[in-house]
Amino acid sequence: MSMPITLRVGFLLFRAVNHGYLLPFITSSLFNTLAMPSSEDDKIESVPLTSVKDTDEDSADASLPTPVSAPSSSAKAKPKIPAFVIIPIWMAFSVSVILYNNHLYNVLDFKFPVFLVTWHLTFSAIGTRVLQRTTHLLDGTKDINMNKDMFLRSILPIGLLFSGSLILSNSAYLYLSISYIQMLKAFNAVAVLIISWIFRISEPNRKLGVIVFMISFGVALTSTGELKFNLLGFIIQAAAVVFEASRLVMIEILLHGMKMDPLVSLHYYAPICALINLLFLPFTEGLAPFYQLARLGPLILLSNAFIAFFLNVAAVFLVGVTSGLVLTLAGVLKDILLISGSVIIFSAVITPLQIFGYSIALAGLVLFKTTGGNAPT
C-alpha cells in the first residue's frame, strides 16, 4: 500500500532535519571545533521510566519521559553535575519558562500560543542537532534505528499527542492564572492511571484508588476556591491533561524498552511536532503573530526559546543524579515556588480553600510517586 503523500512529505522532512541536511554547513563547521571530550570508559546511565517527572509540559521545552534499555558501550557519558547544583538550575529554568511565557501572553499581549510553541520546537530541532555535532549529550541517538515503520507507528502518533498537549496547555494561560493551572496539573497522575488501566498496562488496586480519590478531591477543592474560574480555560486545560496522559501511556506502549533521555526524545519529536504545529498555524492564528514580531524584537524571541531549550539540557543532567523521592520533592517545591511567584509577580489571588485542596492533591501525588505507583508517569 502506498504511503499518503502528506505522510511521505512529513517523513522526508523529518529525515532531512534529523540528518542535518537543512543546517548550514558553516554552522556545523564552526561548532565542530567546540566538541567536548569525555572518557572512553564512561557509560550513559539508564533510569526507570517512572522515576522522572516531566520538567514542563507547557512548552516545547517539555522533557519527555524516557523509555530505557541497557546502556550502549558505544555511548559516552555526559559530564556529572552534583545534585545540589543541577536541581536548583533545573527548577530555575522550569519556573522561568512558565513565567516568561505568561509574561508574553498576558503582559506583552502576544496571545499566540501555537506560534510560540512552533518557534520553541523549531529552535529545539536545530539546537539538538548542533549539540549532536558538538557534544556527547546526544550519543544515545546512535542506538536508535529510525526507519519509516518506526516513524509511522511511533514517532508520528506520539508527536500528534505531544503537539496537542503543548498547544492546549499553552492556550490555557490565556484564560487561567498560573497558580490555578499548576494546581490542575496535579490531576495529570490520575489521568495517566485511568488511561493506563484502560489499556491494561497497569492494574487498579485499593492503594491507587485512595491516591486517585485524594488527588481528585484536592483538585476539586482548588477549583471550588478559584475566584476567577473560566469554563473555557478549564476545558482547554482538561483537554491538555488528557493529551499529555495519552502521550505518556503511548510512549510506554509504543517505545517500551527503547533508551531515550529527555534531550534525545526532543531530538526526534521536535521536527515532526514543529511541522504538525505549522500545519495548524494558518487555521488558528494565521499571519497575525508575524505582524507582532517586530514589536517583540529578536532579543525576547531568542531568549525565550533559549530558556525553553536549556530546560531540557538541564533535565538530561538531572536524570540519574539523585533518587526518585528527591526528584519528586524537588518538583513539588518547584510548583510551590511557581505558584508563589505568580502571586508576587502577576498578583494572582489564592484562597485558603485552594491551599487546603492543593495540599491534599500534592500529598496524594507524593504518595503515588514514593510508594511504587506503576503507571507511566
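Glycine residues also receive a Cβ, built from the backbone N, Cα and C atoms like all the rest.
Sequence annotations record features per position, and here TrEMBL assigns compositional bias 'Low complexity' to 62-75.
For 86-368, the entry in TrEMBL reads domain 'Sugar phosphate transporter'. Taken together, the residues in the domain 'Sugar phosphate transporter' (86-368) have a mean pLDDT of 91 on the 0 to 100 scale.
According to TrEMBL, the feature region 'Disordered' maps to 46-75.
If you look up TrEMBL, you'll see 81-100 (among others) marked as transmembrane segment.
The transmembrane segment annotation in TrEMBL covers 112-131 (among others).
According to TrEMBL, the transmembrane segment annotation covers 151-174 (among others).
Feature annotation from TrEMBL assigns transmembrane segment to 180-199 (among others).
Sequence annotations record features per position, and here TrEMBL assigns transmembrane segment to 208-225 (among others).
The transmembrane segment annotation in TrEMBL covers 231-254 (among others).
Residues annotated as transmembrane segment in TrEMBL: 266-284 (among others).
If you look up TrEMBL, you'll see 304-331 (among others) marked as transmembrane segment.
Among the features that TrEMBL reports, transmembrane segment is placed at 343-368 (among others). Remote same-chain residues near the transmembrane segment (343-368) are listed as 99, 102, 106, 177-180, 183, 186-187, 189, 208, 211-215, 217-222, 224-228, 328-329, 332, 335, 377 (criterion: CB distance under 8 Å, separation of at least six residues from the stretch ends).
Between the transmembrane segment (231-254) and the transmembrane segment (180-199), three or more CB pairs separated by 6 or more residues in sequence fall under 8 Å, so the two stretches touch. Counting Cβ pairs under 8 Å to the transmembrane segment (112-131), the top-ranked stretch among 180-199, 208-225, 304-331 is 304-331. Proximity of distant same-chain residues to the transmembrane segment (208-225), defined by a Cβ-Cβ separation under 8 Å and at least 6 residues beyond the stretch ends, is recorded for 180, 183-184, 186-187, 189-190, 193-194, 234, 351-354, 356-365, 367-368, 373.
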